[in-house]
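Below is the structure I would like to discuss, written out as structure tokens.
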Amino acid sequence: CDSNGVYGSLAQVRHVVLVLSGKGGVGKSTITTELALALRHAGKKVGILDVDLCGPSIPRMLSVGHTDVHQCDSGWVPVYTDAQKSLALMSIVVWRGPKKTALIGQFVSDVAWGELDVLLVDTPPGTSDEHLAVLENLKKHRVDGAVLVTTPQAVSTGDVRREITFCKKTGVRILGIIENMSGFVCPHCSECSNIFSKGGGEELAKLTGSVFLGSVPLDPQLSSSIEEGKDFIQSFPDSATFSAISSISQTLLNSLQMT
Amino acid sequence: MADVPDNAPEHCPGTTSEQAGKSASCQGCPNQKLCASGATKAPDPAIAEIGAKLSTVKHKILVLSGKGGVGKSTFSAHLAHALASDSTKEVALLDVDICGPSIPRIMGLEGEQVHQSGSGWSPVYVDDNLAVMSIGFLLSSPDDAVIWRGPKKNGMIKQFLRDVDWGELDYLIVDTPPGTSDEHLSIVQYLSSTHVDGAIIITTPQEVSLQDVRKEIRFCQKVKLPIIGVVENMSGFVCPKCKNTSQIFPPSSGGAEQMCADLNLPLLGKVPLDPRIARSCDEGRSFLNEVPDSPAAEVYRRIVQSIQDYCSNRVTEEQSTT
């Protein structure tokens, strides 16, 4: 364990993936959490860095809400969700004003991540100061690229188009697009309703020449798991939502290993 | 702390701070004298200008949410449509979501441009009595990203509040960006010299959303912004085929109803999920005109009625106290 800033703390992290969305509330934190759980399920060591300054929600989703963070010689010790230490989490507390970007920089380099296959960074929505700060500070290290999350409606994909421009301007590779909240199957009659329309994510991928990683349906079981901080991947291994998430995580792993 | 310039030296104490021009980091800063003179500590003259500009607006309503994507813009747009359905009322909708402006699409105004006139920026009109202003009108293409940092964002918000030529208005609805960020602080600060009727808070039923909303409510209380009430959006889904209701976003902690009871706030209504709402928004039409007899439209109308009642009661209260 050394403490040489960014290079030190991220030295043993194989891949860094940003999870972005143009719009808020499209399920970015949910997708981050489920991707992490799916990757762990596939035998990987995973870390989540939650830098959603306005409302960090991942600690709750992983039921580590009230755990205190400790410091060791090499930095902040992430919170582990299991004894095998296969899923590490670090979440930011709310800071405000001109210092906050500097603090994010410090935050990124001050966590003792140890050895990880993938570090997922859950970012705040939009193309704001926080994005720039996170990108600037992570680019000192190597960012493999970004996964973009959208819901199917045009209102949401419109914001993601702007996010794609942002990635191109800042030189971040787009690993792919995920469509969340895509269709709802009624548990009573199995009729599928496209509550937030359908197909917007795939269309957007075509339009912008990006990879479409897949779509995740609306699933009350997933919402409840997230609310209660349960591992959805373990609780409902037979659901369509599970197979959607695990296929997305597999596609993502493949594209990471190609680079 | 929005008063630290973009190009300020490191550890700049802020231009309005007591230490402005006096701290160690001010040494060598070209503006040290200006800051030390105290001129920068005076209240922003724009606040008074905004007050004068908005004195022709009878009612100002802020639409807030803690979390993004809970349907704040959808609600703002439909509130504007509903208020403007009374052709004797002049209504305006101001979209200050600088990073992801979605109001132009929802109002069917994509590709519209803002025009400059002698008295400021002219808003875009949906109807004779419904005006809209959004940062989206200033972006040249749908792919454009607004990558702005704090101080620039504040400048833009200031311009939006001060330089738009609204004319006489009955209602001004301000659709805000999510969170309790710098933008919020500046909107409230800039509006401090005018009379804001209050805020409507939008949430979805889940605890992950409510926990952000509680923060937003504390923020309102801190800055003494009255809360008109809470709207629970995406509240249950009725299957169009079998008519059974599913809680897609389950109210695990009792939803907005429980939160309002705990915090002693009025719950204005619960709007159910309806695929036709998302479709209307994508097509830039008013859901209230498209499907007026749907349960969601009925809930919307009741909510709008309580907001109108709140605003007119506020006027009578003020008249009786003066």
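Every residue gets a Cβ built from N, Cα and C, even glycine.
What TrEMBL lists as ATP binding site is A:GLY22, A:LYS23, A:GLY24, A:GLY25, A:VAL26, A:GLY27, A:LYS28, A:SER29. According to TrEMBL, the [4Fe-4S] cluster binding site annotation covers A:CYS186, A:CYS189.
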Sub-8 Å Cβ contact with chain B: please pick out which of the binding-site residues A:GLY24, A:GLY25, A:VAL26, A:LYS28, A:CYS189 have it.
A:GLY24, A:GLY25, A:VAL26, A:CYS189
Taking only the Cα atoms, work out how far A:SER29 (ATP binding site) lies from A:CYS189 ([4Fe-4S] cluster binding site), in Å, as a whole number.
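Here the two Cα atoms lie 30 Å apart.
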Between A:GLY24 (ATP binding site) and A:CYS189 ([4Fe-4S] cluster binding site), what C-alpha distance do you get in Å?
31
Helix, strand or coil for A:LYS28 (ATP binding site)? Use DSSP.
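The residue in question, A:LYS28 (ATP binding site), is helix (DSSP, three-state).
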Pick the one among the binding-site residues A:CYS186, A:CYS189 whose Cβ has the fewest other Cβ atoms within 10 Å in this structure.
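Comparing Cβ neighbours within 10 Å for the binding-site residues A:CYS186, A:CYS189, A:CYS189 has the fewest.
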Return the count of C-beta atoms lying within 10 angstroms of the C-beta of A:GLY24 (ATP binding site), excluding that atom itself.
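Here the count is 28.
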Once the DSSP letters are reduced so that anything not helix or strand counts as coil, what is A:LYS23 (ATP binding site)?
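It is coil.
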Mind giving me a neighbour count for A:GLY27 (ATP binding site)? Other Cβ atoms within 10 Å of its Cβ, every protein chain shown.
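Cβ-Cβ neighbours of A:GLY27 (ATP binding site) within 10 Å number 22.
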Tally every other Cβ atom lying within 10 Å of the Cβ atom of A:SER29 (ATP binding site).
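So the Cβ neighbour count for A:SER29 (ATP binding site) comes to 26.
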About how far apart, in whole Å, are the alpha carbons (Cα) of A:GLY27 (ATP binding site) and A:CYS189 ([4Fe-4S] cluster binding site)?
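With the alpha carbons as reference points, the distance is 26 Å.
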Drop a 10 Å sphere on every Cβ of the binding-site residues A:GLY22, A:GLY25 and tell me which sphere holds the fewest other Cβ atoms.
A:GLY25
What is the Cβ neighbour count of A:VAL26 (ATP binding site) at a 10 Å cut-off, with all protein chains included?
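A:VAL26 (ATP binding site): 28 neighbouring Cβ atoms within 10 Å.
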At a 10 Å cut-off from the C-beta of A:LYS23 (ATP binding site), count the other C-beta atoms across all protein chains.
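Other Cβ atoms within 10 Å of A:LYS23 (ATP binding site): 28.
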